[in-house]
Amino acid sequence: MANNELPPYDPYDQGPAWWTGHVDALAAAAVFVATIILTVISFPPYKVPEFAYAFGAPALFWAYERPSFKRFAWTVLGANAVAWTIILGWLHHVTWLGLFLLGPIVGAWVGSWFLAAWWVMPRMLGRNALERILCTFGLAGAWVVIEWTRTWLLSGFPWLPLAASQWDRVTILQIASYTGAWGVSFVLIAVNIGFAAYGHRLLREGKTGLQRRSQEFFACLFLLIVCVTVHVQETFNRGMFTVPLGRIAFIQPDIPQTVKWDPAKGPEILKVLERGTLVAGRTYPDLMLWPEASTPWAVRGDPEVQAWAENLVRRAGHPLLLGSIAVDHAGTPQEAWYNGIFLITPHKGLHPDFYAKRHLVPFGEYVPFRSILGWLNKVVPVGGDFTPGKGPHTMLVPFPQGDIPFGELVCFEDIFPDLAIQDVRAGAQVLFVATNCGWYGKGAAAMQQMTHSVLRAVETRRPVLRCGNDGWSGWIDEFGNVRGYVHNAQGSIFMRGDATINVTRDSRWIGRESFYVKHGDWFVLVSAGLAALAFALLRVQRAPQPAVVDADSGDTENTP
């Protein structure tokens, strides 16, 4: 064909499809959308926790394909920022600024693990089964370490570790009595890696026959079987060991935050508490419970409120464990405010000993770096900054069979495993959580927070009693089962009312500490060791490269 001639025209040749030139962009978009959806629906209020086994699989599968680091980072960090902003959407009731700061921060924190996966996943190719399994567990260990840092970095916000997604699937949770919730998260994220590895082996590596099997996936499946074994061991013949604790009345006043701190509404709030308590008292409970900061004024430090509460308990005729405020040295330079839990009994009145919240909410109960940020106000409009408690505390609560030591947690303290451990080590046989999610509307916050109490119950093998202002109030047994809670005829937890529940204990765990309580976060150290070992393996020892045949000589050689 001469140089000036045109090539033959084929009217039926459509040329390459548009998507063939945009494969990377389409893959990024698919991973972005899938990661957001699967992450969000893995947690409450949605009821499909099984997606926690696969929420990261799309991004992990993509990592095998060696996308550019920039594209991968923008995709996974952006997806996690959006997902966690949606998950924490209830924060908008308090602060839009806080929502759009905290959501992306937590998302970036979680998303940083995917950046490690971008480096690890393709380097697992070509290695033997043992090395791939070690890398799988090392990458899962890195997830645990990142989750653990959320408990303390920047004062700590370990909201919804991956294990919390399984709050209603107690079979897998039982391993937490040995490893803490970290072990559950480890198994879940390992299965995610296993799914991605199996998918890549089937779809991209061209394996046939028995070679199609993914040993790392089956290793993760074995971990799940171990969890089931622990569940069977711990729950076998459980009914034989059930002993009564007592009848517990959960009183949920459902006071809107718009009026809770309004002094003009104070008398009305006291009437709501009075009516609910007297009604609950007629069910003959052994103990009555009120939520966090239930009274509009300090029950300790305000003589009128103290006298009112003591008189109410005498009329009801049963002990009351309540969340309220304490003020020491009022009107002096030494004035101190505490968010605490108090015990009032019909015969002794307000007990002098009380629990003061240890882990305060930044900008909620105090302003950090006040010398710099003094122009900011805390959310709770009471007094000055709250003063934190100094350590674990147990309160002897009277029951017909004798005094029983309770460990106390206020509000979001139940998201910190170390606080519950400290209480149990101090002798607590029951954990009581007084909380108030009324700040966050009638959305996902109450259910999301409750999942942490399930984890604390399994980790410590202690029953957890929770009382909230407007939900969630109820009893969780030593194995993480929700045994009863306050709800209306439609099943909603957002209501004003009460419920009296016959609470029991497992006699095998009375006075006995779980392995996790005894040894603490040992599994985090193991996870860090696995992560370091996997990194060293991939960094020092290169995977064997496929052989290349020399076309001229017929000899084979390995690619460098």
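For all residues, glycine too, the Cβ spot is worked out from N, Cα and C.
Annotation source TrEMBL lists transmembrane segment at 25-43 (among others).
The transmembrane segment annotation in TrEMBL covers 72-91 (among others). Long-range neighbours of the transmembrane segment (72-91) within the same chain, counting only residues 6 or more positions beyond its ends whose Cβ lies under 8 Å from a Cβ of the stretch, are 28, 31-33, 35-36, 39-40, 43, 59, 62-63, 98-100, 102-104, 106-108, 110-112, 114-115, 118, 159-160, 440-441, 443-445, 448.
Taken from TrEMBL, the feature transmembrane segment covers 97-121 (among others).
Residues 106, 109-110, 112-113, 116-117, 120-121, 123-124, 127, 161-162, 182, 185-187, 189-190, 193-194, 197, 215-216, 219-220, 362, 368, 416-418, 521, 523-524, 526-535, 537-538 of the same chain sit 6 or more residues outside the transmembrane segment (133-155) yet have a Cβ under 8 Å from a Cβ within it. The transmembrane segment annotation in TrEMBL covers 133-155 (among others).
Residues 52-57, 60, 117, 136-137, 139-141, 143-144, 147-148, 161-166, 214, 216-221, 223-224, 226-227, 230, 234, 417, 455, 458-461, 514-516, 521-524, 527 of the same chain sit 6 or more residues outside the transmembrane segment (175-195) yet have a Cβ under 8 Å from a Cβ within it. Look at TrEMBL and you will find 175-195 (among others) tagged as transmembrane segment.
If you look up TrEMBL, you'll see 216-232 (among others) marked as transmembrane segment. Within the chain carrying the transmembrane segment (216-232), a Cβ under 8 angstroms from the stretch's Cβ atoms is held by residues 124, 129, 132-133, 135-137, 170-175, 177-178, 184, 186-187, 190-191, 193-195, 197-198, all 6 or more beyond its ends.
Residues or ranges marked as domain 'CN hydrolase' by TrEMBL: 251-507.
Non-local neighbours of the transmembrane segment (97-121) in the same chain are 56, 59-60, 63-64, 67, 69, 72-73, 76-77, 79-89, 91, 135, 138-139, 142-143, 146, 149-150, 157, 159, 193, 196, 363, 534, 538; each lies 6+ residues outside the stretch with a CB under 8 Å from one of its CB atoms. Across the residues of the domain 'CN hydrolase' (251-507), the predicted structure has a mean pLDDT of 93.
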